[in-house]
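Chemist: Here it is, the structure in full.
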Amino acid sequence: TMLRLFRVLGRLRACRHWTKITELSARLSSTKAAPRFRRMDYQDAVCTLNTLQTNASALEQVKRERGHPELQLQAMRGFLQRAGLKVSLDLCIVCFLHSLFSSPHLVQVRERIRINGQPIGKELFTKYFWQVYCRLEETKDAHGGSMPAYFRFLTILAFHIFLQEKVDLAVFEVGIGGAYDCTNIIRRPWVCGISSLGIDHTSILGDTIEKIAWQKGGIFKPGVPAFTVKQPDGPKKVLQERAEEIGCSLSVCPDLEKYQSEGSLRLGLAGHHQRSNASLALQLSHTWLQRHFLTDPASSSPVEFSGVSPAPAFQPSPAMIKGLAETEWPGRNQTLKHGPVTYFLDGAHTTRSMQACVRWFNEIAPQHERNAGGPVVRVLLFNATGERDCGAMLKLLVPCFFDFAVFCPNITEAIATCNADQQNFNVSVENMLTRCLDNQQSWRVLNGQEEKPEAELLIGGGLPLVAERHRDTLVFPCILSALQWISQGRDSVLSDPNKCVIPVKPSINAKAALLREAVNIHVLITGSLHLVGGALKHLDPALNS
């Protein structure tokens, strides 16, 4: 059954059952949904999918909390008292945002499964979701009574959709790690690639870069060519050992400047680190084209390990050059200009990716400031989730000299209802809000304000005696309230009458005088892809369609 396949998939024994995937997919496509599911729409499908985010006991707790809004109100009331915000109680029934995945969707879950570069349509998602879900629901009692977890379900759903839609080529990104990731089911992919490694998910992957490299190298397959970008000596050695152990070739991608092209290759993505990503993309696509369209079958025979070698640079085709130049990736080194307010969005959530984010921001922000024609205010909007070292990331951001540091949880807006695509059943409201206050205090300490921790918590009716630029900090209960305060009505997109305006204390509004007087406001939004996605939900309405 499909459920049994899920179980072995999680332990990587499903690799020998790949042929069963195609058989089961064919069976599912002809399976009619149970009568009680026939009228379910896209939102029903996403809400049902969200229930797979947690285990059974945790889900029961979530159901109890959602059935008793006063539990959420208690958490919000305590937060408001500590942060000095004044929000009417009818706006305090908050809904959860996102779950803890390595590369989450930004606005809608359909972004995770794309065909020809576009998220699949709602009708297609709904159709195939219920085919898979109903089959599992019908057979689960005979196999332990449990459903697959959220990401595992989406992985099999993606396989099912790609098979049914008869795609020519599927590109899969692992969820977490590689060796034990549920995507690692393909016995013989065309090619494998590993991008720049960083420290993340240490409780699962290990607490050193070498341990993480071992996990990442688990996607290598016997006789299948593998590529990576330049890595430090430690993880490079581990990847080399994994390639030798598994029996595949491993090549290191050249610098982008070495490819034979008339003039420099132009990238649609900003940030210096995207150049190594582009080189990896070129090698992966070039290898697939060679192996897939070779006229001599003997030349596509399995490759064996022969040490780590440099991958040869080549002449990119016009289609490759066009693809690099026109690539768009929302939430990564993205700039949005809304009149006098410019947003710089990057989902950096590790120390290494934050270093890249800071380098990008320090390059691009001054360019915008030189053209402003007057004073510019810099604002940091930050949040981080899970086990990540917020202090280390915030330390990297201090030299950017922000006039305001604003913190908020990954909650899109404090309203009674929320889009099901952005519900989270893994993190409590109390935990999210407490994390924001901790981040605020860390920022104060990093800026040498630990001697007066109460000076600017904005509790009470007055302003601090001394207003210090580059050190003002605020905490808001949701992303929308933070964006509305930062923009001060100067962003027409956020001034949409359909958006609820969150009331705040007069003392907090008084602190925004600097924002109202500036010619331009520059906002860096970073620390979490969930935060960036929640911000884009409000800043780019097209992503909601």
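Placed from the backbone N, Cα and C atoms, the Cβ positions cover glycine too.
TrEMBL does not curate its annotations; it predicts them automatically.
Below, the features straight out of TrEMBL:
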BINDING   Ser103, Glu173, His201  Mg(2+) binding site
BINDING   Arg332, Asp346  ATP binding site
Chemist: Here are the binding-site residues: Glu173, Asp346. Which has the lowest count of other Cβ atoms within 10 Å?
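Modeler: Looking at the binding-site residues Glu173, Asp346, the Cβ with the fewest others within 10 Å is that of Glu173.
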Chemist: Under 8 Å between C-beta atoms and at least six apart in sequence, can you list the same-chain neighbours of Arg332 (ATP binding site), or say none if there are none?
Modeler: Leu269, Gly271, Leu345, Asp346, Gly347
Chemist: Give me the count of other Cβ atoms within 10 A of the Cβ belonging to His201 (Mg(2+) binding site).
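Modeler: I get 18 for this one.
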